[in-house]
Amino acid sequence: MGKHKEWRKVAKKMRRKRIRSSAAAKRDEIEKQRMDSISKTPYYKKWLAEQESLDLFREQEEKRASILAHQKWEYLETLAQERWARQQKLLLEEEVKRKEQEALIKKEWEKEQEKDRLEKEAKEMEEKKKRLQYERIMEEMESFIDGTGAKPVALNTSTESNPGKEPCQFFSKVGACRFKDSCSRNHIRPAISHIILLPGFYTHLSLDVGTQGEYDTDINLEFDHNERYRDFEEFFDDITPELEKYGRISQIRVCSNTEPHLRGNVYVAYQSERSAAAAYKALNGRYYASRMISVEFVNLLSWKAAACGLQFRGKCPKGSKCNFLHVFKNPRGKYSFYETPAHSSKRLSTTPDRDWRWTPSPEREPSGGRTSNRRQDDWECDSRDENGKTDRRNSSRRSARSRSKERQSERSRLSERRSAHA
């Protein structure tokens with residue numbers, strides 16, 4: 001039963017296929033007959049001719065378009081080739097320029113290296129020459145200081161800050177200028193002189209008043225002038241024995257100005273350049289009161305031109321800010337303006353036991369202010385009698401502590417007064 005059904009299904013399918021094939025054959029036959037009948041008509045023949053002409057025109061247009069496209073491509077390719085050639089030429093030129101530049105830079109670098117080498121060699125030779133000259137001058141200086149030789153010829157010159165400019169009048173008079181090396185005028189410094197300058201050698205609270213802030217306007221209450229002068233007397237008596245070791249002194253002037261370029265300056269005039277050179281060599285770079293000493297040679301026109309003539313009469317309008325020297329009165333008139341040189345020799349033989357011990361880092365006992373025992377704390381002695389001077393050192397320290405307590409009490413009263421005003 002099942003096989004018959006399958007056979008029937010296949011038979012129907014084949015029958016439909018035969019029907020379709022027969023219908024298609026009839027349709028093709030009819031279409032062929034119709035086309036045969038149409039092809040014999042003049043209209044169809046005309047259409048065929050038009051189609052052939054259109055096909056020919058299309059082929060010609062396609063060929064022409066192809067030729068134009070090819071020509072355009074050739075033109076663009078030619079432009080591209082030319083542009084590429086120009087770029088290659090530019091690259092080649094840039095490469096040549098770069099190599100030339102590198103060669104030039106290398107040549108200049110080698111030239112600079114050679115120049116630096118020559119300058120370095122010249123500098124080394126100059127330094128060596130200066131070192132040898134300095135050593136020779138120092139040997140001559142040693143002989144000059146010892147009295148076995150004459151003054152070196154090299155010390156007859158002077159250095160100038162602005163050669164060719166007009167000399168600075170203040171520097172010529174006092175050996176210092178408020179503008180220092182930035183002054184527009186010429187500062188002439190001698191290589192050697194009979195006068196030495198120790199800038200800022202003397203220090204005291206009163207000299208630092210100009211550096212205080214606006215809240216320290218009552219700083220003058222911390223000291224009085226009598227106390228300051230006693231402190232100066234101790235300082236003066238402490239430095240004169242050491243300064244007298246190097247020769248006879250004619251003048252010692254200590255500035256009380258508060259201007260930075262004159263504050264605490266100490267001027268020492270010896271009777272000979274040999275003594276001044278010995279003092280310069282011995283004192284420069286040493287320490288006093290834990291501060292390094294700097295020494296300079298100066299040439300002053302005269303002491304009268306350097307000092308302020310209105311100071312001791314109390315009529316100077318600028319006070320301690322004057323640019324001329326305001327000096328302390330030397331104790332007992334020693335080494336003052338009107339002292340004869342004979343006084344120097346007397347003091348020279350009376351202090352053989354006051355030798356100093358100098359170290360790069362002097363040891364000091366901490367204190368609240370400037371102590372009165374300068375001889376024991378500030379100048380460090382090499383040889384001293386410990387048993388004989390212990391009592392004097394202790395008494396000086398006790399007096400220093402008492403003054404320190406007085407200052408602290410004055411500060412506390414000052415702070416209470418400020419708080420009350422606030």
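In case you wondered, yes, glycine gets a Cβ from its N, Cα and C as well.
TrEMBL labels come from automatic prediction, so no person has curated them.
Feature annotations, courtesy of TrEMBL:
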type   : residues : note
COILED : 101-142  : coiled coil
DOMAIN : 162-190  : domain 'C3H1-type'
DOMAIN : 220-300  : domain 'RRM'
DOMAIN : 302-329  : domain 'C3H1-type'
REGION : 341-422  : region 'Disordered'
The domain 'C3H1-type' (302-329), counted residue by residue under DSSP: helix, strand, coil: 7 helix, 3 strand, 18 coil
DSSP residue counts for the domain 'C3H1-type' (162-190), split into helix, strand and coil: 9 helix, 5 strand, 15 coil
Three-state composition of the domain 'RRM' (220-300), taking helix and strand from DSSP: 34 helix, 19 strand, 28 coil
